[in-house]
């Protein structure tokens, strides 16, 4: 199987892909062994350009000058440097006195400066004497010489094996000098600081670098790099200018390879010591110390030296293929805009998985180097050492926090000498670059004091505060033993830029033995750009110690525990106080003035010291749930700022408990004004400031989905942190799940509630676990965070393991929101609902209470259940109590009109006596609140009063509390004047009078009015029948509800309980007893799981309702598309002037939840017109590795343009497959384009009559006939509620471009539960031209009702009260031939075709003769009341082959149109028999009485020009035109501009006679001056359209121009246009109808199960009509088997150019699925073959389940 060819041209840098995906094998597939491949343009990539160079190497002619080592070289130019290139020494290269020539490819380096050449063999016989090197650029012949004349030998000269050579030549007048650099390497004097490893060094300067040089030849010490040594080396290099950096490192080999480097000193040889540059290091180069790096880049500053390098975090993912792991050493090299790094070995991983590059794992490395700018590619490979060196690299992810960028590099290939192309290194390019949060470098210096036991083993953390915010809490740690007595340690951190730093917080977690720590000083440095200096030099900002310090302040924290049963806690409590200047960090509340802290009703006082916080904003308080009695009811916290003696009140009055309230054990509290607190003390009712707290905080609902993988669940303790733009929530332990006791199990979605204050927009979600428990590994799929008060729902995809033994071994991950999965809605607002249960015997309830709030105009909230679980239901709503709930619900506006409150009547004693409900909301303006009181004072119980368990309440009073400027509260109370009244509604429900109409199920009703609705009420007790809802009965019910206003809709359903639940509902009548208004609802539908559309819930509108129902969803979209408002943001279509659509989301139909393998999905999308499509983008919003999608093919059809594009894809849309993209742009050049039927969009309105049982659920089919052809039969979808009694249904229809319309045919198939339909009329409107056609019927379509008992009707069009088609009677005379056995007993059918379509199938039943179709007999049939077809063209006649002798010889048929008084003769004189002639039993006969027109003569052409409507479109000069015909070309016709022609917007007609030109394919138009005058100034005629009509036959040719024709004096300037649409006249079509034999070749695909035993039918459509449905059959042959080709010959009337074929099967056999490869149709008369590709299943169980396909020709 041959996959693809990739061609890369280094010269242009373009990489092209040529997919094949087919066999090249005589035994497989189609047996071809050679193929032509076409490029897939959308996969074209830009790579780095390279130029060819010739390289000559001259070895000197000295004894033993040659070498057998491999030589490497690297070239530097003024635009950069090349990669290191190895010249292999396989043949005898580099021998004494010889010249070796190599061809090398180098990037564009500009002018060459120097060349470095070296070999790696340091043995005595590898020495080499190089004379010179010459390089020439092949294209420009630029030539450079690099003279050397020196040894590269460990025993000769200076014992070096590397040389740097300066470029000389015409281009380099002044070559750079070669300089010796004296390098002194100072090893530190710390214990164990020396090393035996091989050290290398690279000097980096303004003009380039020296390359890595091995430090071998030390000038002053034999044993190098020992403790305290100063080792001197000479590095000889072409001048690199000022030395800026030193990169130094070692190879990490040998026992004590760790090395403590003090500094490196560099000076040019021969310069004074004072000129030396010192590069301090003072760090370990040791895998087990400091940050574990063994290569460092040094800068010549002692201050803040770590701030100058950028950290590149490289995550390398090894593939999951068996054997993909590697033991070799992996290296990487990054290329950026500002330069590239050297090859860096990845030896010290950040996430330390022990064994690197194992199957399916991710290793993370940090590379520290200078800033190389935006990354454009990277090189990754391995050294091919070790037992199993071969490696399968999946992908590389590169994160650069300092740039705020993240790069994805897909690889998905082997790096193995024995796999694929044998490469062990590969250059890869990023598939996408994403933005991440930008961080900056901080350098933190920590000095531990010099006192006994000063050091610590605890984990130390730091947090930095600045005027732009604060960093996260960051751990300060490295691989060394940190924080020992009297040490200074320097750490580099990457964290958020907080601006000017004003304080830090540093602490430790108290773990380990001897955790106490004596801290001397901390220094924080970061880089700022110095202003006013042109070179923008980077400075280090130190925190000045003398700055006006923020003072340390003392805060008194008083914690009040509530006075409720079980309120106290024994858990550890932590607090964090937030002010305008940062926060205190989390402090443990340890020493209180009480021995036993946090007991019921107690006040505990704690002292917290912190740097001055400014005014307090909020506090977070939590406990760790560590003891058995951890649940805690916190009343409030008061904090006294002792400095200025202010008291802050933080009310809480809620539980911090896993099993109470919402399950949170952390709360964020906000301060409230003193006046609110005092008010409550007067009333003795306890603080009720929950509403204020809720409105200042945001409640987040977290949904956490554990993956579906095996062992995905975890038993560890999971925690989360939400990071917003302003703040984070701190650690939240996810303990109390709302819906499951055992959390985080495989495939489960767990819900949690988190409240937080003022986080701002969420940016990051951190989630992790503590790795505790038996199986702690966890596969997290996604997290969804819903914030109703902000009106947004964010999805944070993960799709990865949090497991030490999987992936990258991390158990904490940061997740980011996926933009494409964010949902926005109207924000919710908080309501405080107080419910007072009466003090009456048995008043309390354990039932589930719910509430709904109503605003004006029927705006309402969702139904809200007030209790979360059984425990709460038992706790609340007890006799004589008040219960308070704070809920977030939809905002219903300023006025509360009514509420509905009720319960589900479950539990032990559900009856409930409700006294009143009070609802408090915050004022929209100012501080304060408004309370609305709803009195009830009655029972909600089945056994009391009227047995209702739902009540609607209206407000009586409104109390407003407002905070005045002076800090006092003002309370006002108003009575509600115009509250809505309560009405009684009497509801009569009539059950249908038919078999099985009654039901025993429970029925529920909702009534909707313009002021609101009743909510769902159970129709429980019928007032007049004991047994409700029986056949033909009327049941009455009473519903009490607040005034609904005008009732317009009801919703009625049943619960499908009991046997015989199916219910036929006839009608519902709603009577408003207060106003005596009656509302009628005609229903006449089944509510049943077995009948109609199997729905048991329906909406009905009041009789005569004019408003909007659920209209066709597409017509809404089309309206938007017309206005250009297509808000639907993922298929993007891009076109010529780059306009593009929003994303069109492809929503799967109901019942499907994913794009399953092997399926085919169809979608219809509406959008604004983007012109000619250039590119299509297809993508999905999945971000996790799980959401990978392999797309085989995408086809986009634009029916209104008559075009369809088929894009071969065969590529992954996935983050971790292929090239890592989830969206892809397809170029139209890759698609195969097919012309399909051009469609016009009509709006169709179908009106069903107002008669009993007029509505239907049968299938309704519509065929439309126009002057230019007809459509196929279309099914009108029922869409739930269409085609019901007295209803108008409007929807859009795509109809072929056949206007003007003449008639329609409507057919029903009598299926369904209500097969009869009373059709009133159908109205069709062309949305482009606004033409309207009316078709009226006003009768039944039914087998059992109405006078006609017919299933089909034909309706003529009426336009402006004028009938388009007249009525006629057709008399059909059938003459059977005088031949032996000519008569037939079969049933004969006939179809007549004419100008206005066809008659449909006419069964020839009622003849003048009793025994029809006997030999030599003429039978006459009358068909009255038919719509006239005008001139007739052909008839189709066939029989059903039944009866004893069905064979029939037909002589002719005459058809007489009585209205036209004209007879049309259709001669046949052939058999219709299975055993005679060509064995066909269907014939098409052409009309014989059309006069022949002689086309050799002259004919007339009419030319109509339309001038554009723009201002300067018109012309006063003449025009000329030439017609290009298929047969000939016309002479030039001058369009003379007499009588003011060519005016703006005008259409002018001209007539010319000419010889017959055949079909007109193109025109040339010119614009010429009158009388040949010269053109004075430039002038144009803007012509919009030209229509050419050939008068003899009436064929029309349309040319869409819309172009400016320049004025000229001669006929040498003109524009040409192609014909874009042809309308062939009827007369012309009729002339072409001659019998033709068509050969069909049907090829069945060669895939498993492709063959079928079903009957196959084919219909062909051409410009002259269609063939009808023909059965493809043959005797004695098993047709349509796998891989088989079947041939058939059928005779038909010439169809002209073939437009499409329809292939179908009847699904009649057991294995009826069929994979059709293609159909070839050959017209044997002119030998034209048309190929119709299919390549799809016709199978009800595969792909899209279709068993018919319409195929279009492939040209």
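Just so it is clear, glycine is given a Cβ too, placed from its N, Cα and C backbone atoms.
Any TrEMBL annotation is an automated prediction that lacks curation.
According to TrEMBL, the domain 'PLAT' annotation covers 51-166, 179-299, 310-429, 440-556, 553-670, 698-816, 829-954, 983-1101, 1098-1227, 1240-1355, 1368-1486, 1499-1619 (among others).
Here the domain 'PLAT' (179-299) has, by DSSP, the following mix of helix, strand and coil residues: 3 helix, 60 strand, 58 coil. At the 8 Å Cβ cutoff, the domain 'PLAT' (698-816) and the domain 'PLAT' (179-299) share fewer than 3 close pairs (sequence separation 6 or more) and do not count as touching.
Between the domain 'PLAT' (310-429) and the domain 'PLAT' (51-166) there are 3 or more Cβ pairs closer than 8 Å, counting only residues 6 or more apart in sequence, so the two stretches are in contact.
Counting residues of the domain 'PLAT' (698-816) by DSSP class, helix then strand then coil, yields 0 helix, 61 strand, 58 coil. Regional average pLDDT for the domain 'PLAT' (310-429) in the model is 89. According to DSSP, the domain 'PLAT' (310-429) comprises 0 helix, 62 strand, 58 coil. Residues of the domain 'PLAT' (829-954) grouped by DSSP class, helix first, strand second and coil last, total 9 helix, 61 strand, 56 coil.
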